[in-house]
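Student: Right, I'll just put the structure down here and ask away after.
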């Protein structure tokens with residue numbers, strides 16, 4: 001058991017605080033002989049990196065990842081892959097005034113109650129900076145998931161939901177919000193500018209999708225594929241809800257509307273009439289796209305003063321200057337993709353262990 | 001790693017199929033010298049048991065639990081506690097006609113694609129019958145959680161949400177739905193009768209609440225308290241969504257509305273103005289009530305014929321006769337409570353390991 | 001983490017006390033579609049069973065194993081396999097007099113210091129009775145290890161070591177000691193009769209051998225194949241030492257004597273001049289026979305009175321009547337085989353997870 | 001599950017190859033508020049460091065450890081502690097000639113058969129260089145083990161065993177071999193010089209002792225304290241045997257000689273007449289010193305030519321120039337101490353989790 005590891009056979013262990021000398025990750029269990037260099041990882045970090053637009057924190061970290069072990073002459077060796085990013089732009093002085101104050105909506109109080117000590121600089125271990133290592137590890141996981149495409153998009157900002165009919169994956173790369181609906185993206189730009197100016201912040205809902213996942217990944221009871229995805233996404237900073245496929249809306253459907261009908265495809269593969277299940281039935285992948293959504297609360301670091309207490313038991317007012325994203329949900333998009341990749345890579349290895357011939361043979365008739 | 005275990009220090013491993021000779025559970029890691037007999041467990045099983053009203057499956061199982069180890073002269077010994085329930089009312093003949101057919105919305109196809117074999121009788125391992133062992137284990141977990149109260153309620157059936165202003169915990173025990181809103185309970189009775197008669201089914205949303213949880217339980221990055229709750233609840237059969245506190249609605253709030261303000265209580269404890277956080281910040285308990293909700297899809301076993309395929313690759317129609325709950329969400333209430341209890345007991349032990357003095361000292365000022 | 005589980009991907013969890021109603025085991029992670037019935041397990045239990053000769057305890061347990069889950073129509077399903085043996089011959093009255101006394105050499109005191117409570121009847125959880133479940137689980141592991149032969153033998157009783165030149169596997173089944181040296185077996189019969197009559201007991205050394213193990217099983221640093229074998233064998237009751245291949249004697253060899261030279265076999269396989277390594281180099285199997293030995297201390301339950309203390313802090317004399325083996329090492333032979341099988345099955349699955357093509361390709365040249 | 005982690009609650013994960021840019025370790029689960037700086041770790045690394053005498057490899061590594069996370073203002077924070085040592089003296093050219101040749105007694109062949117790729121430079125991941133991180137992590141574990149003293153000594157070199165009557169802990173620090181018997185140390189100097197000159201090497205036996213360990217640490221069945229020690233010590237490079245207390249010699253004792261008698265101490269503590277058990281009964285600590293020994297095979301890297309094969313399937317002769325220890329057992333002394341510390345720290349935390357009041361109350365009478 002570890003409090004800082006995720007996964008079982010494809011397993012990551014991260015370390016590091018926001019304002020320490022570096023953050024890092026050990027990726028253990030990666031199969032050998034996969035081509036891997038820093039260049040495979042860096043683009044994913046660049047997508048997540050702060051400082052890219054006025055809508056994300058202006059902290060300027062190059063976030064240059066180094067591979068320190070586990071790769072030899074451009075190939076994974078099967079031994080642990082250590083990844084490291086140096087912290088280069090820590091303005092620790094910004095945090096002096098919250099040294100003894102517990103910011104509302106943050107982990108300041110709970111860390112102190114748990115450990116009796118905390119590195120308060122920039123949130124220390126609870127900073128979203130740690131998610132850079134998830135994104136880096138997720139890039140390695142993608143190498144394991146040959147033939148699987150994992151993408152994410154922001155489908156709601158504040159109360160404003162996109163129009164699914166307008167969904168265009170190409171649009172996602174065109175705007176600062178990873179928004180697949182061009183009209184929504186335009187609305188959000190105005191909305192977020194307003195929130196930022198007023199010292200407020202906005203929440204968001206992100207959808208991540210994995211296509212090309214072979215059927216049969218998962219486990220029947222605990223460690224179900226959807227349970228592991230739920231843990232992975234709920235474990236991202238500021239996330240308060242997770243759903244698979246139809247999600248909470250499934251509760252309002254009738255049984256005959258919700259259960260996806262099946263028919264035979266030309267090649268012996270089973271086709272589904274719809275995908276309310278989000279690609280998972282009984283904790284095991286069906287072969288359809290895996291669809292998950294998660295809700296990110298509005299940034300708790302805001303310029304509006306809020307009532308709180310300090311570690312001396314005094315009531316105080318707190319407002320967070322620093323440099324912060326008015327909508328942390330935006331940067332959660334690549335993190336959500338990474339967590340989905342990590343879960344799938346782990347389950348792919350787990351499946352192989354118990355089923356040496358599979359996956360692959362997902363055709364009917366069965367022998 | 002195990003596909004059939006849940007938890008780390010307080011750890012359960014379940015086994016058994018719906019129509020095998022028995023189902024069981026091993027509870028490992030339970031502290032010694034806790035008073036425990038079958039009478040502590042049976043009431044929770046009775047709450048979950050089928051056959052109690054016309055709204056749940058008419059399968060008549062006494063579900064009599066036996067403790068086979070780990071308890072000596074009425075006290076836990078610290079060694080593994082084996083629980084066993086015999087299966088006495090298996091009408092396996094009911095399932096012959098779905099032996100080779102994959103029921104839409106069920107795990108039939110995915111099990112077959114994963115394992116190439118399945119015990120089709122009553123859903124085999126994927127049957128909700130397995131949840132009886134979670135409820136039994138949850139009763140043991142409650143023993144560990146002295147001073148913590150865990151309760152659950154159905155807050156939505158089909159599209160009909162309760163009126164939270166009308167919430168009365170006493171009402172929960174008065175109706176067949178664990179509904180805390182008496183008016184809603186009356187509406188649901190009519191709605192569910194109609195669904196059952198028409199061969200349809202309904203989904204539901206359940207809320208589970210833990211009061212008295214000490215602050216400091218959880219972990220900073222992975223194995224966060226909320227991530228583990230998410231995994232636990234998403235791992236219940238037919239669940240498609242999980243949220244903590246404000247949940248998905250948090251996405252639509254502003255930062256200043258969502259982040260709970262704090263003030264000092266008279267005894268050095270921190271009080272919160274609200275509980276949008278659902279009792280968890282940064283993956284660690286705040287001391288406020290822990291609130292989680294999960295969505296259960298409508299029962300997939302319905303009398304209405306649905307299109308599907310069989311294992312020979314033929315397209316077929318499937319309708320599920322058998323005995324089934326028109327709203328499986330009802331029986332998920334005690335299961336959700338149990339999963340919450342299991343997560344909290346595990347985290348209580350984990351916290352003790354790393355913090356020998358705690359929890360308890362959750363007062364300010366901190367030294 | 002679990003205190004009562006062994007293995008990772010092929011994982012067993014045992015439960016039960018010597019004088020409780022039953023003992024049991026959950027085997028999790030077993031691949032699907034392996035033929036398995038009670039008849040595959042029972043012969044291994046019969047080999048270990050007490051009451052077979054005057055040299056092992058006269059407790060008469062039929063030790064009839066039942067499979068309660070995870071097998072359908074004679075094949076494993078990939079879901080957890082629950083095994084159960086009822087305890088039928090518990091003479092608990094025999095143990096009343098040691099209820100409050102700590103037997104020297106036993107776990108009585110340490111259990112009490114750890115848990116503050118213990119089921120003293122027959123040693124409770126620390127009884128060697130638990131090893132019946134390891135033997136049963138080991139029989140399932142053997143099913144996973146197709147092509148691998150695992151055997152064990154007693155190579156030393158008391159101070160008397162066998163003559164390795166006289167080793168004959170056929171002899172092992174001919175005597176009550178699993179002794180491969182017929183002359184030694186004759187000597188031991190006299191020696192053990194003498195020990196039993198005088199109220200004393202004898203220790204033993206057991207060797208277990210696995211042939212046909214594919215190369216490549218194991219892990220480089222922790223969870224090395226030899227480290228896991230060491231844990232497995234040291235975890236057997238009364239074991240005080242474990243060695244692999246040359247073992248402690250390797251310390252006295254020169255580097256050129258100890259390191260096994262290699263040459264090419266006709267089929268591209270690597271052949272070794274000798275097997276000082278015991279089939280493992282760098283924590284990974286070489287393809288040669290895996291050879292491990294473990295030392296079992298003399299039975300601590302003896303008729304000779306010994307000085308001890310009781311739980312009230314009084315000094316007392318203890319002698320153990322009951323029914324006991326004068327050399328517990330004898331019955332440890334099938335247990336050692338089982339532990340070796342469990343470790344190898346686990347590592348075979350682990351290897352498959354990370355190396356989808358392997359094992360198998362253990363020929364040179366390598367690409 | 002991880003192939004590169006050790007421990008459960010106090011858990012280390014190491015990474016790095018002999019000739020990569022660095023090696024490192026993540027220590028997870030360390031309790032908060034322990035004083036810790038690099039200066040607590042460095043002395044243990046210095047003891048293990050190569051280049052200190054003519055009897056250990058002349059590779060000159062400063063082995064300067066850096067703490068990159070988990071410590072704030074000189075105290076542990078409860079978050080993961082990352083340790084890093086840069087590799088500064090890698091003469092990779094020394095290893096070119098064994099790039100394609102499998103050195104007898106080394107992991108070269110098995111890594112290649114397992115992974116199909118290996119970083120051959122200096123043994124890559126299988127190099128004893130990795131043990132530097134165990135020693136560093138062990139220094140952190142010692143911080144957790146307040147009141148516990150852990151020491152080690154070389155008790156046999158080649159076939160020459162020390163005289164236990166001459167054991168003097170002070171002598172250990174006086175010679176290059178960690179030898180507690182001054183006369184033996186003098187003999188070994190001559191013996192090792194001879195072995196080195198002749199291009200040969202010697203094996204060794206190391207004894208590690210932990211004093212002040214509270215009773216009650218361990219677990220009843222798997223994860224026994226002795227089983228975990230066995231895994232920890234057997235997992236050290238080149239180790240072929242492990243024993244606890246009397247070890248293999250216990251097999252030759254009678255039951256009455258082996259089982260340690262008990263009497264009452266003046267303060268309610270139980271005293272033992274002897275310590276054949278090595279401080280562990282039934283997998284749980286007794287409160288007596290924990291004593292373990294392990295055998296290290298003679299260095300496989302020798303100047304004497306040996307027959308082997310290469311990856312092209314050709315038969316070749318191999319002799320290892322490089323810089324190597326003629327007796328790797330010497331440097332295994334601090335590594336053995338570290339592994340014992342790691343196991344004990346882990347079990348201390350595990351014990352606390354399940355027994356909130358303990359350890360401490362190890363006095364009689366028991367309530």
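We number each residue from 1, going along the chain as drawn.
Every residue, even glycine, has its Cβ placed from backbone N, Cα and C.
Pulled these features from TrEMBL for this protein:
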- B:48, B:54: NADP(+) binding site (BINDING)
- B:125, B:126, B:127, B:237, B:238, B:282, B:297, B:298, B:299, B:300, B:301, B:323: FMN binding site (BINDING)
Student: Specify the secondary structure state of residue B:125 (FMN binding site) as given by DSSP, simplified to three classes.
Tutor: helix
Student: Sequence order please: the binding-site residues B:48, B:125, B:127 that have their Cβ under 8 Å from a chain A Cβ, otherwise just none.
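Tutor: Near chain A: B:125.
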Student: Fewest neighbouring Cβ atoms within 10 Å: which of the binding-site residues B:48, B:125, B:297?
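Tutor: Across B:48, B:125, B:297, these binding-site residues, the one with fewest Cβ atoms within 10 Å is B:48.
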Student: Check each of the binding-site residues B:48, B:125, B:127, B:238, B:297, B:299 and report back the ones whose Cβ is under 8 Å from some Cβ of chain C.
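Tutor: Out of B:48, B:125, B:127, B:238, B:297, B:299, B:125 lie under 8 Å of chain C.
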Student: Provide the number of Cβ atoms within 10 Å of the Cβ of residue B:299 (FMN binding site), excluding the reference atom itself.
Tutor: 28
Student: Around the Cβ of residue B:301 (FMN binding site), how many other Cβ atoms lie within 10 Å? Please give the count over every shown protein chain.
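Tutor: Counting Cβ neighbours of residue B:301 (FMN binding site) within 10 Å gives 24.
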Student: Where residue B:299 (FMN binding site) and residue B:48 (NADP(+) binding site) are concerned, what is their Cα separation in Å, rounded?
Tutor: 16
Student: Provide, as an integer number of angstrom, the distance between the C-alpha atoms of residue B:127 (FMN binding site) and residue B:48 (NADP(+) binding site).
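Tutor: Here the two Cα atoms are 14 Å apart.
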Student: Could you state the whole-number distance in Å separating the C-alpha atoms of residue B:238 (FMN binding site) and residue B:48 (NADP(+) binding site)?
Tutor: 16
Student: Measuring Cα to Cα, tell me the gap between residue B:125 (FMN binding site) and residue B:48 (NADP(+) binding site) in whole angstrom.
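Tutor: Answer for this pair: 18 Å between alpha carbons.
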Student: Determine, to the nearest whole angstrom, how far the Cα atom of residue B:301 (FMN binding site) is from the Cα atom of residue B:48 (NADP(+) binding site).
Tutor: 19
